[in-house]
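Engineer: Below are the structure tokens for one structure; questions will follow.
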Amino acid sequence: MADEKRPASRAWLGYLLIAVGILVLSGIVRSRGRPLVPYDEAVAEVRRGEISAAIVKPDEIELVRRESPQRPEERVRVTRLPGVEDEPLVRALLDKQVRIEAKSPQTSVWMQVAIWMLPLVLINAAFFMMLRRAGQGAGGPLGFLRSKAKIYDRSRQDPVRFSDVAGVDEAKDELVEVVDFLKEPSRYRSLGGRIPRGLLLIGPPGTGKTLLARAVAGEANVPFFSLNASEFVEMFVGLGAARVRELFEEARKSAPSIVFIDEIDAVGRTRGGLGALATHDEREQTLHQLLAELDGFDARTTVILMAATNRPEVLDPALLRPGRFDRQVIVDRPDLRGREAILAVHARRVPLASGVDLGLVARRTPGMVGADLAKIVNEAALAGARRGAREIGQADFDEALDRSQLGLRRRGQIMTAEERRRVAYHEAGHALVALALPAADPVERVSIVARTIGALGVTIQVPRDERQLVTEQEIESRVTVMLGGRAAEELALGQVSSGAHDDLGRATALVREMVTRLGMSRRLGLAALARTVGAPMLGVLQEERTCSEATAREVDEEVRERLGEMYLKAKQLLVDRREGLEAVAEALVLKETLRGEELEEIAAVSTRRKIAVGPPSAA
């Protein structure tokens, strides 16, 4: 219905513009329709007595030609000579005693109307179009004031259930209680309980906050109003507050109901800030109205406000006080079991081969959120489709993980034989040092295939399980493995290359962390010499030093000393396994990629061969 009215409502505007244009053009045509004759020809006609009358205007002279057998009476125009007062044409007219009429510049009535009307019409048309765009076709002359909230309709949409949400069990438990309250409010009220008026979902992007809200809508079987907070704020001051009032009025009429506002930090930012210049009238009016609506909830009204944000630190304290958003639900990054459960949910929609290990995929994706894992499953499905398979295998998940974490294969990357050999020794060094250290994570795969992120090779280690704590021995093992590539280059080829710069940077940062923050310094003892400021949950971290310059110099010296020790340890481990280093590097040059089982087999064969031959005899 709205789509049919929209062209009709604009038709009158088009007709009006056409009419004004016709008026303007008609005036121009009437004034400019008479022929223009050359100046000298007009003077000659006057002197021959062929002109009966003249009308003198500021910029031209209109001449009336006498009627003759050859032609009827007609009017012609002559452009006056600029800057000449007593011009020849005027003198000729006076000499021939032609009737002369002077006319001041006048515009026709219709032209004047058109000149006044056209700007007004254009301004009103522009304002009307802005109002229509602000309202996006909402009905009525003030339709743009109405709320843009979308009402969830279970009959038209595929409902999301709590069974479709995995990896965030604690947050899901909180929301299950909300759904239960909406279904049976009397059970809580009989004991004097009051459900929180507002629930704020807090978590990094992609963790499933909006999905949880949709699951609440699917389970509660009550009207569910959802919109983004940015839809409140428009260019007209006061429009956001009006939409807030409209939204909550609709929710109260439909109670019990749920209102969900996504990205609430768009209107809920702290007021004031940097002074008067930081004030945004429209956003603050919207926030004030939102606070007033939260305060206006009747205890007997079963309207629950849910909101989501990934920036809780910028929200106004008045929004978070008890009685408003008095329950905050943390939707954090999933742990190992949570990631495996999320992968299982997404894997329901794709055909999996029997040998696929989702637990291995979960171990290879620490720190990933639900959106990342959904992308991994989709990339695996695309990889299987590219090779023409009917099922998704483990190799497809490996390819998806590599594309996500390492980038695409660089098929056009051409390395010389010497560079290829050096990369093979480098990755073999990482892998063999990891095999030699009991506290190091197992090696899942080694590859010298170049990737688009700039890596010429990669050694992938997958932890056996996900731990919350790490020991000093485990940190030292990680650093030693990082330095194993550089040590292998020096041992096998006699000199190092720039390929180890990233390993060295990460190793240095990890050792500095041990010395300054973890209390693992040998020289400085138990002291935290740096602190982290920022929002750890959102990954916004900065390190602030809390020690003197002299202590900082000691920190630098200890970092260099311990890095040197671990480098020598990595080098000695490779000296003891020199045959294995050569064998693994040769296998990488030939095959490009070795799985963990192949790596262990090559290393074991080399070790058995060395034991059988025995150490070299002394001269």
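Placed from the backbone N, Cα and C atoms, the Cβ positions cover glycine too.
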Engineer: Say Swiss-Prot lists His426, His430 as binding Zn(2+): which of Asp332, Asp335, Asp503 is in the same site, per that record?
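Structural biologist: The one candidate that Swiss-Prot places in that Zn(2+) site: Asp503.
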Engineer: Which residue among the binding-site residues Gly203, Pro205 has the fewest other Cβ atoms within 10 Å of its Cβ, if you could check?
Structural biologist: Pro205
Engineer: Let me know the most crowded of the recorded positions, choosing from Glu427, Asp503 and counting other Cβ atoms within 10 Å.
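Structural biologist: Its Cβ has the most other Cβ atoms within 10 Å: Glu427.
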Engineer: Quick check for the class: what is the C-alpha distance, in angstrom and rounded, between Thr210 (ATP binding site) and Glu427 (active site)?
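Structural biologist: About 42 Å separate the Cα atoms of these two residues.
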Engineer: Can you tell which of Thr207, Thr210 has the most other C-beta atoms within 10 Å, given these are the binding-site residues?
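Structural biologist: Per the Cβ count, the most surrounded site is Thr207.
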Engineer: Work out the three-state DSSP category of Pro204 (ATP binding site).
Structural biologist: coil
Engineer: CA-CA, which of the binding-site residues Gly203, Thr207, Gly208 lies nearest Glu427 (active site)?
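Structural biologist: In terms of Cα distance, Glu427 (active site) lies closest to Thr207.
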Engineer: Per DSSP, to which secondary structure element type does His430 (Zn(2+) binding site) belong, with helix, strand and coil as the options?
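Structural biologist: The three-state answer is helix.
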